[in-house]
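I have placed the structure first, in the form of C-alpha cells, so that the comments after it can refer back to it.
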Amino acid sequence: MISAVIFDLDGVIVSTDEYHFQAWKELAKELGIDFSREDNSRQRGVSRMESLEVLLEKTEQTFSNDEKLAMAEKKNSIYRDLLDRLSPDQILPGALNFAEESRKLGLKIAVGSSSRNTPFILKKIGLSDYFDAVADGNDIQRSKPDPQVFLIAAERLAVRPAECLVVEDADAGVEAAKAGGMFALALGAAKGHPGADLRADSLERLSIEKLLRELG
Ligand code: BG6
Ligand code: MG
C-alpha cells in the first residue's frame, strides 16, 4: 500500500530545466562546445559534477579537477542568476493539485532531488515549508540513479521504501526509485523507461486516486 509520494523537483514541481539548459549552454559556448538539448536531457537527475562530465564528453580537451570545479561553479552562478527570476508562477501545471490530492488521501509528501539548489528553489516558489520532508543534493554522496536521496526522504517520512511512489521526469530518477524498492511514476522524457510502474505526460489533470487504483 502506498503511504507516501516523493516528488523529484526539477521538471516535476518546477520548470527549472530550461534554466539548467541555458546555463550549461553558456558554459559550453565559452569552451567552444556545441551543446544540444539532447545532450542536456542526459543531465536530467544526475549531480552537477556528473552533468559537467556529460558536457565535457563533447570535447577532446582535458581538464584538471580544480578546473572542473571552477567550471561547475561558473555554471551554477549563471544558473543561480536565472533562478532569481523564479516565482510561484513557474510551479508546473497540476503539481500542486496532485500534492494536495495526495495529502487529502492521507499520504505523506516529500521532495527527493539531486539539486543542491533545492532549498533556494523551494523558497523562490513559496514551498519551503510545504512538504513533510525534503532530501536533496546536500544530503547525498551518490546521485540518481543511486537510490540514496529517495531512501533518505523515506526515512525522514518514517515510511518503508515499498510504500513510496516516486514521481520522476528523468530516466536516472526512475532507475533510482526502482533500485530503492519503490514504485515509479514516469513523466515526460522518462515516460518510455521500461522500469516505470505508471506513466503520464505530466501531472496536469492527473489523479493520484486513479493511479493508485491502477497500481492495485
Ligand atoms: C537535478 C537536475 O534535479 O539536479 C540535474 O535534473 C542537475 O540536471 C542536478 O544537474 C544538480 O543540480 P544543482 O542545482 O545542484 O546544480
Ligand atoms: Mg527532474
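Glycine is no exception: its Cβ is also placed from the backbone N, Cα and C atoms.
What TrEMBL says about this protein:
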- D8: active site, nucleophile (ACT_SITE)
- D10: active site, proton donor/acceptor (ACT_SITE)
- D8, D10, E168, D169: Mg(2+) binding site (BINDING)
- D8, L9, D10, W24, S51, K75, S113, S114, S115, R116, N117, K144: substrate binding site (BINDING)
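Features as recorded by TrEMBL, highlighted on the structure.
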{"residue": "D8", "record": "active site, nucleophile", "DSSP class": "coil"}
{"residue": "S51", "record": "substrate binding site", "DSSP class": "helix"}
{"residue": "S113", "record": "substrate binding site", "DSSP class": "coil"}
{"residue": "E168", "record": "Mg(2+) binding site", "DSSP class": "strand"}
Inset, instruction - Report, as a single number, how many Cβ atoms besides its own are within 10 Å of the Cβ of S51 (substrate binding site). - result: 22
Inset, instruction - Take the C-alpha atoms of D169 (Mg(2+) binding site) and S51 (substrate binding site) and report the distance between them in angstrom, rounded. - result: 16
Legend entry - Integer Cα-Cα distance in angstrom, E168 (Mg(2+) binding site) to the residue listed as 'active site, nucleophile': 5
Inset, instruction - Sequence order is fine: just name those binding-site residues in S51, S113, N117 with a Cα within 10 angstroms of the residue listed as 'active site, nucleophile'. - result: S113
Legend entry - Neighbour count (Cβ, 10 Å) for D10 (active site, proton donor/acceptor): 22
Legend entry - Cβ packing number for E168 (Mg(2+) binding site), 10 Å threshold: 30
Inset, instruction - Please check each of the binding-site residues S113, E168, D169 and report the ones with a CB atom less than 6 Å from an atom of ligand 1, ordered along the sequence. - result: S113
Inset, instruction - Would you mind checking how many other C-beta atoms are within 10 angstroms of the C-beta on S115 (substrate binding site)? - result: 23
Legend entry - Contacting binding-site residues, sequence order - S51, S113, S115, N117 vs ligand 2, Cβ under 6 Å: none
Legend entry - Sparsest Cβ surroundings (other CB atoms within 10 Å) among the recorded positions D8, D169: D169
Legend entry - D10 (active site, proton donor/acceptor) as reference: those binding-site residues from S51, S113, S115 with C-alpha within 10 Å of it: S113, S115
Legend entry - Sparsest-packed of the listed binding-site residues (S113, N117) - C-beta count within 10 angstroms: N117
